[in-house]
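What follows is a short report on a single structure.
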There are 2 protein chains.
Amino acid sequence: MGNTALLEKDFHNLLKEQNAYREAIMLTVWDMRTKIPKKGVEQRSWVVGFLSEKLHQLETSERMKHFIDMLKDSVDDEVMKKTVEECEETYERNRKIPAEEYKEYVMLQSKSESIWQEAREKADFSLFQPYLEDLVEYNKKFANYWGYDENIYDALLHEYEPGVTTKMLDKVFPELRNSLTTLVEKINQSKTKPDPAILSGHFPKKNQEAFSVEILKRMGYDFASGRLDETIHPFAIGINMNDVRVTTRYDEEDFRMAVFGTIHEGGHALYEQNISQKLRSTPLATGTSMGIHESQSLFWENFIGRNKSFWESHYDLFKSYAPNHFGHVSLDNFYQAVNEVKASFIRIEADELTYPLHIMVRYELEKALINGDIHVSDLPHLWNEKMVDYLGIEPPSDREGVLQDIHWAGGDFGYFPSYALGYMYAAQFQHTMENELNLNECIATGNFDQIRQWLTANIHQYGKMKKPLEIIKDVTNEQLNPDYLVSYLSKKYTDIYNL
Amino acid sequence: MGNTALLEKDFHNLLKEQNAYREAIMLTVWDMRTKIPKKGVEQRSWVVGFLSEKLHQLETSERMKHFIDMLKDSVDDEVMKKTVEECEETYERNRKIPAEEYKEYVMLQSKSESIWQEAREKADFSLFQPYLEDLVEYNKKFANYWGYDENIYDALLHEYEPGVTTKMLDKVFPELRNSLTTLVEKINQSKTKPDPAILSGHFPKKNQEAFSVEILKRMGYDFASGRLDETIHPFAIGINMNDVRVTTRYDEEDFRMAVFGTIHEGGHALYEQNISQKLRSTPLATGTSMGIHESQSLFWENFIGRNKSFWESHYDLFKSYAPNHFGHVSLDNFYQAVNEVKASFIRIEADELTYPLHIMVRYELEKALINGDIHVSDLPHLWNEKMVDYLGIEPPSDREGVLQDIHWAGGDFGYFPSYALGYMYAAQFQHTMENELNLNECIATGNFDQIRQWLTANIHQYGKMKKPLEIIKDVTNEQLNPDYLVSYLSKKYTDIYNL
């Protein structure tokens, strides 16, 4: 072996070590959210912390720095090149934060999450406020360590959606917001009212689970490389490339939770299951960003799962799992009911049309916080104001308002935009896909293989080989463009509500 | 803090790191045996290997050596003292094996296990023979590195049952073997024949699971610190002190697998759940030996679960989970049927009377192998001979003979005696317990709390604070003594078979 070959081999060993820690962490996280007995949690939390520290040490080690320096300009192989770049980015980003501050921050995160839980239960923002103030200060400090060109908030956005800037968001988000609020107003004035009462009934967990498994299989989710479990807050997780698990939640009084939740998480899982094996044991073997990930889950959940053609082909199947229901409910009425638009306080319970408005509230507030334009103490008040402005409803307490999401309690600022970005990406992908294959016929005939293969060929396989905006450009031949989402929603809801 | 206090604190940090690796390994092992999707296994095996190597590195590190040297003679606290001793023993034992040889051995183990699987499937010992020869050679070499007083096999026994010697086994095992073969002969001549056909039927998995949960609860197994899952080869596992999981197997055509299997694993789990919290984050917080562990599982499985009084108090409960069965089966007939004695080829399917004879076959052969008295190539032939001698049956192929157990394929020589030792220990414990509490009444009334509390007070709480023979002596005021097991089995089967 030549010198470079030897070096690459050693570098690969380091990557494999990192992956081993990552895999152990992921498995532990999955277990803690699905299986762990109550009393085991405390000690296990410590273990996750320990393993994360070990991973962090490797990512920022002198050994890593050595490989980066030696390989950066000498490797030819494309995968190796991107791998070194990815490692360098992680190295630089983490090294910029003084070890002591990082440690304090990790402890603050953990403490804040438990205080936030208490505050939410008691609907008492004042308990959480001092912790949130500290979290904001740390994030501002980190953003300055990391650096940015125009807006301090960009430095945080970068963590979740590299390449996307505040400037870009401030161009597309208001357009999206205005279009949606106008649409919501029209819907509110419409005389057509879907009747969600026809969806009510008792749906045994067992049947919901069997239907969930069936749908996942039809989507092309590989159960030999994954499994489905029950949890409280559904998620999908890649433990290794061939072990990508889905979780869902069964509400026996409302099937929508499990059906649309499973399809959503299934969309995330398909992404992770179909990354090219060429990226194995590199840090590139995962979804490229939060936004692109969300584009996959939302594509399946909304553009397929809430599509009329989907229910044309799957209503009978669904009814076979709910044998005592829907006998007299027409497909049209069913379809309209599962697409009812109704302003709600809680983001994760929102319909697909008002959902982005929830994101706007959060984006505008966190951007202002990080820029020092507002204070943490202003949040409850401003939150409620924006809810009234965009959705026309005011949360009865902070539990249904500013305290509902865990993100800020975990120090995750810059994350929320990914949800709306992902939604816009999904609409752009859908538009392109429609030009390349008969999407509606695929959905109407349940031929999901073609759809999944398209997604794999255009998105999944690349993992982190391409940055999010590179994927958008390569696939759609356009920049980020909110028009497709607006047009999709306008068309769909004009039809449903006879606007 | 004084110097010693500081040192102890640093030492504790090292122990916590070791525990973190151990916990991650245990969780991974549990997952691999219960939940993992097929294609995820290959990569996960590598992760377990990696984490095990990390743990091994800490156990044999200079840092560990430093703490041992500094603390060995200076600590007063009993737990700390035993902890240092335990660490020293692990350190010395592992350091005696050259790193290169250990690495080769680990690879050989892993390779051998997969070859063994193939050999077993094909019933072809010749495939496995060269690997087994290597494994024997490595074990002899390691035994010489570790050292021994009288018999090279002692050095291997020490790993599983410290303090127990070949000499001790050669005193008690033949006595046990002769008593049991005599008993089996009498039973074979008896005209009384339990009728296992009355046990047949279809038992839905769901009902078996519900009964298993109910029995575990009655035993005092804490579900807030554990859970029950399905697997192929049942086991119990302590992931951390407050997360001790049980697994079982459901055969819908034979309820005995799950009922007695769950009680057995529940016995293991109670041991791990009831270790004193004082031992937390030390390597003492686990069962002290394979034999003592097996004494707990066998005590619950046989001395309680297969006891007549148990079925007097639980037959109605059991029938409520098998509503279409046993309507006309008397308690006596049921009790006799679940205690049928019948020579079988497979150890893990053996009844409680012939079970120790399976162990004798293995003990005698592995002792002779390690002592160089026989060759690996002699094994199939000698195995079958001994089966005829002790059990009166000859395996139709090596699949049902010498190839049935995984132990030797994993390099575990010296492990098998623990099963028979544990059985003898259990009988000794039972005898003592009968003197101290009304055991039969406890069983007959389902008052398991008293039994569990006795076991915790005398055995569980100590974890590794006491060596196995120390526990036997402290609890029973005797040395290892096979008479109690022989007397228990004689009495029970004389009654069942009208001998």
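Don't overthink the numbers, they just go from 1 along the chain as shown.
Every residue gets a Cβ built from N, Cα and C, even glycine.
Because the structure is a prediction, the values reported are computed rather than measured.
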Further Zn(2+) ligand in TrEMBL, beside B:HIS264, B:HIS268, within candidate set B:GLU230, B:GLU294, B:GLU312: B:GLU294
Length of the line joining the Cα atoms of B:GLU294 (Zn(2+) binding site) and B:GLU265 (active site, proton donor/acceptor), in Å: 9
C-beta crowding around B:HIS268 (Zn(2+) binding site), within 10 angstroms: 24
Cβ-centroid neighbours of Zn(2+) site B:HIS264, B:HIS268, B:GLU294, 8 Å, sequence order: B:ALA236, B:GLU265, B:GLY267, B:HIS293, B:GLN296, B:SER297, B:LEU298, B:TRP300, B:GLU301, B:GLY422
Cβ packing number for B:GLU294 (Zn(2+) binding site), 10 Å threshold: 25
